[in-house]
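Asks: Mind having a look at this structure? Questions to follow.
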Amino acid sequence: MRLSYRLVSGLLVLASIVGMSFALYLEHVKGLEPCPLCIFQRVGLMAMGFVALIAFLHNPVSNAIKRFYAFLAGVAILWSVGVAGRHVWLQHLPPDQVPSCGPGLNYLIDALPMKTVLQEVLSGSGECAAIDWTFLGQSLPVWSLAYFLLLLLVCLWQLFRFYPVFKTAKK
C-alpha cells in the first residue's frame, strides 16, 4: 500500500492534535502544571501540526513544495525533540546539580526580552527536574521525547521518500 503525501500530512495533523489533547488532559483534568520546558515542547508540536495542516489542505503537486513542507514540519518537531532531550537530561542530573527554581514563564515573558526568555527557559530550572508523572517507569519527558522522535522520523520520511514525477501529456 502506497501512502499518499496528503494522508501522511493528515496523520501528522492528527498526531499533533492527539499530543496536545493529552497534554491538556494532564494539565486540566489531572492537575499537572506544565513547566516552561513542557510549554516549549508544545510549541514545536503545534508548529509541526500547523505546517502539516497547511500541507494537507494545499496537497501540493510539486515535489519541491512537498519536501519544503516536510522540512518545515521536521524543523518544528526537531525543536520539541531538542527541548524534550534537555528536559530528560535535567531530570537525570544528581540532586546537587539541579538548577534552582526560577520565575514563571509568564513573568519572564512580561519582564524580559525574548532572547533572554529563551536562554532562561532552555537552561532549565528546578521545577523542570521534578518528576510528577510516570508510565511504565518512565517520566513524561521521556515519553514525549519518544513521541517526538517518532514524528521526526515521519517528517524525515516525507522529506526523503520517493515521489513519482507526473509528466503532463502534450497536446
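Quick reminder: no glycine exception, Cβ is built from N, Cα and C everywhere.
Bear in mind that the values here come from a model prediction, so they are computed numbers and not experimental data.
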Asks: Under the topology that Swiss-Prot records, do HIS28 and PHE162 share one side of the membrane?
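Replies: Topo match: no.
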Asks: Which residue in the list CYS35, CYS101 does Swiss-Prot annotate as forming a disulfide bond with CYS38?
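Replies: Among CYS35, CYS101, the record in Swiss-Prot lists CYS35 as the disulfide partner of CYS38.
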Asks: Mind giving me a neighbour count for CYS38 (disulfide bond)? Other Cβ atoms within 10 Å of its Cβ, every protein chain shown.
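Replies: So the number of other Cβ atoms within 10 Å of CYS38 (disulfide bond) is 22.
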